[in-house]
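Asker: Grabbed the feature section from TrEMBL, which reads as follows:
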- 69-129: DNA-binding region (DNA_BIND)
- 378-389: compositional bias 'Acidic residues' (COMPBIAS)
- 67-128: domain 'Homeobox' (DOMAIN)
- 131-358: domain 'TLC' (DOMAIN)
- 366-413: region 'Disordered' (REGION)
- 136-155: transmembrane segment (TRANSMEM)
- 206-224: transmembrane segment (TRANSMEM)
- 290-310: transmembrane segment (TRANSMEM)
- 330-350: transmembrane segment (TRANSMEM)
Amino acid sequence: MFQTLYSCFWWERLWLPANLTWADLEDRDGRVYAKASDLYVTLPLAFLFLLVRHLFETYVATPLAGLLNVKEKIRLRATPNAVLEQFYAATTKHPKQADVEMLSKKSGCTVRQVERWFRRRRNQDRPSLLKKFREASWRFTFYLLAFIAGMAVIVDVSMGPRRAPPEPPAPLTPPSVSLLPQKPWFYDLREVWKGYPIQSMLPSQYWYYMIELSFYWSLLFSIASDVKRKDFKEQIIHHVATIILISFSWCANYVRAGTLIMALHDSSDYLLESAKMFNYAGWRNTCNNIFIVFAAVFIVTRLVILPFWILHCTVVYPLDLYPPFFGYYFFNVMMVVLQSLHIFWAYLIIRMAQKKRVTLTEPPLPAQVVEDERSDRDETDNSEEEEEAAAAAKNGPLSNGHPVLNNNHRKTD
């Protein structure tokens, strides 16, 4: 049964155009082609990324946070209460008014104390500012290096003299395919499909693909422990769709198109992460300026170049060379899924950019802070929470929202 499923999954008509088989993509005469077995290396590399990330956050991001004076906000802890804790863990973190009144009777606390307890308990579960800064630092470092590597792969920066690979057998390569390791498909998208799928690859393309795919595997593995935002479900969909798209493009030898798509995505992501870093460090003006640049780059790359150039390239140009097949439809459906997510995020980005534009042109109010639309903000009770935090720092722990009195003073004090 497994052999039958294996044969059906790797049926050539699902992955390749008509009249082509996997035998046409076997390495020969010095030319190397993408193979599905190459993807096995991405799983151990993903765990290696998790280890490198841990070391980076511990020995690089944490000291950097200290240099940038990233300060933790004082959070008042909820007093231990078995009744409220059980409801919080088993039922909901956001009780309705009827639940609050019921819990007030069960726990012996006032309604206001129950509301305050849930507010503080939710704040305890929110990630710390240092955790957010460390995560942004790691992603900024990877996306910046990945973007530089992607540009190097596209322009084919290599060491040593260039040497044209040997001529392949005549039936396999159309006469129009250039044998020199140049990237004309960077500026002429019709070149992406010339000779497809019999397009050999370079070592730089291999490592670029493996590292990108391994990184997204590591993001998927760590998503449960990473900072959770309002678009948590969309992030999962994005990671899964990206992994499927990269893996499929490798197996179906969509390497040229895949390289352009990955480099295009990396061109704006590092700007967002750097804006987050400056935001957590309290550099509001620097954060706002970088975010405006990020918003412009994101909109141009994801809402203009990707749909009107790249997606047009993957939908229209292949039909000039071969009739559509399953892989053609599957690849473009996944591209549409990604584009839908880009539209959703563009809406959030435009909202944030409008707020940041206001802060750049008008003096902000003392308590006015531009936040990430996806962020999970700490809940406060306005001045009451600030007064209690100050009291906690001055007088020690609190009991039911009131400072514990110090009974060691003299009667005459």
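Glycine residues also receive a Cβ, built from the backbone N, Cα and C atoms like all the rest.
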Asker: Same-chain Cβ contacts of the transmembrane segment (206-224) under 8 Å, 6 or more residues past its ends?
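Answerer: For the transmembrane segment (206-224), the list is 32, 34, 38-39, 41-43, 45-50, 53, 142, 146, 149-150, 153, 232, 235-236, 239-240, 242-243, 246-247, 250, 255, 258-259, 262.
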Asker: Using Cβ atoms and a strict cutoff of less than 8 Å, what residues sit near the transmembrane segment (290-310) while being 6 or more residues removed from its termini?
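Answerer: Residues 189, 257, 260-261, 264-265, 267-268, 271-272, 274-275, 278, 335, 339, 342-343, 345-346, 349-350, 352-353, 356-357, 360 contact the transmembrane segment (290-310) from elsewhere in the chain.
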Asker: Over the domain 'Homeobox' (67-128), work out the mean pLDDT and round it to an integer.
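Answerer: Per the prediction, mean pLDDT sits at 85 for the domain 'Homeobox' (67-128).
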Asker: Treating G and I as helix alongside H, and B as strand alongside E, what does DSSP give for the DNA-binding region (69-129) in helix, strand and coil?
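Answerer: The DNA-binding region (69-129) comes out at 36 helix, 0 strand, 25 coil.
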